[in-house]
């Protein structure tokens, strides 16, 4: 009579552990901000222009669910999804005090919608640690917000 009771106890413990893992996965994803457009202060600068321009725009930010396999096979590839642009519109700003001969205009993407997908280096910063979006190498010029 002792063996069926032990099997029942082990089964209940395994079921409880499974439920806890599922609960933790859902709890973690509900506390992390989703991938969505957010307002952010960014800086743009251009070689030849003495000042960088700091202004507000909309970027994609948030968390995407990822999977990291325990066993990494040399024959399989792991693709990690990141929060990146889905739909964008482009706007142009003029940098102040650029000397003659230097085009003072910079065009940048404005996020309309975001998506968890593979990182596209053409439109996204996919580095592990990057500079803050409002970092400037040159003198700052804050753009008035209307």
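Just so it is clear, glycine is given a Cβ too, placed from its N, Cα and C backbone atoms.
Annotation source Swiss-Prot lists signal peptide at 1-28, citing similarity to another entry.
Note: residue 35 (disulfide bond) has non-local neighbours 60, 61, 62, 63, 64, 83, 114, 115, 116, i.e. same-chain residues 6+ apart with C-beta under 8 A of its own C-beta. What Swiss-Prot records for 35-83 (among others) is disulfide bond, and it gives similarity to another entry as the kind of evidence.
Swiss-Prot lists 39 with the feature N-linked glycosylation site, giving sequence analysis as the kind of evidence. Counted within 10 Å of its Cβ, the other Cβ atoms near residue 39 (N-linked glycosylation site) come to 10, all protein chains included. In the three-state DSSP classification, residue 39 (N-linked glycosylation site) falls within a strand.
Taken from Swiss-Prot, the feature disulfide bond applies to 49-98 (among others). All protein chains considered, the CB of residue 98 (disulfide bond) has 16 other CB atoms within 10 Å.
According to Swiss-Prot, the disulfide bond annotation covers 52-136 (among others). Under the three-state DSSP scheme, residue 52 (disulfide bond) falls in the strand class.
The disulfide bond annotation in Swiss-Prot covers 60-114 (among others), and the record cites similarity to another entry as its basis. Take the CB of residue 114 (disulfide bond) and look out to 10 A: across all protein chains shown you find 23 other CB atoms.
Taken from Swiss-Prot, the feature disulfide bond covers 64-116 (among others), and the record attributes it to similarity to another entry. Secondary structure from DSSP puts residue 64 (disulfide bond) in coil. Its own atom aside, the Cβ of residue 64 (disulfide bond) has 17 Cβ atoms within 10 angstroms in the protein chains shown.
Classification of residue 119 (disulfide bond) by DSSP places it in coil, neither helical nor stranded. The number of other CB atoms found within 10 A of the CB of residue 119 (disulfide bond), across every protein chain shown, is 16. Residues annotated as disulfide bond in Swiss-Prot, with similarity to another entry given as evidence: 119-126 (among others).
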Here the recorded positions are 39, 52, 119, and the Cα closest to that of residue 98 (disulfide bond) is found at 52
Provide, as an integer number of angstrom, the distance between the C-alpha atoms of residue 119 (disulfide bond) and residue 39 (N-linked glycosylation site).
-> 21
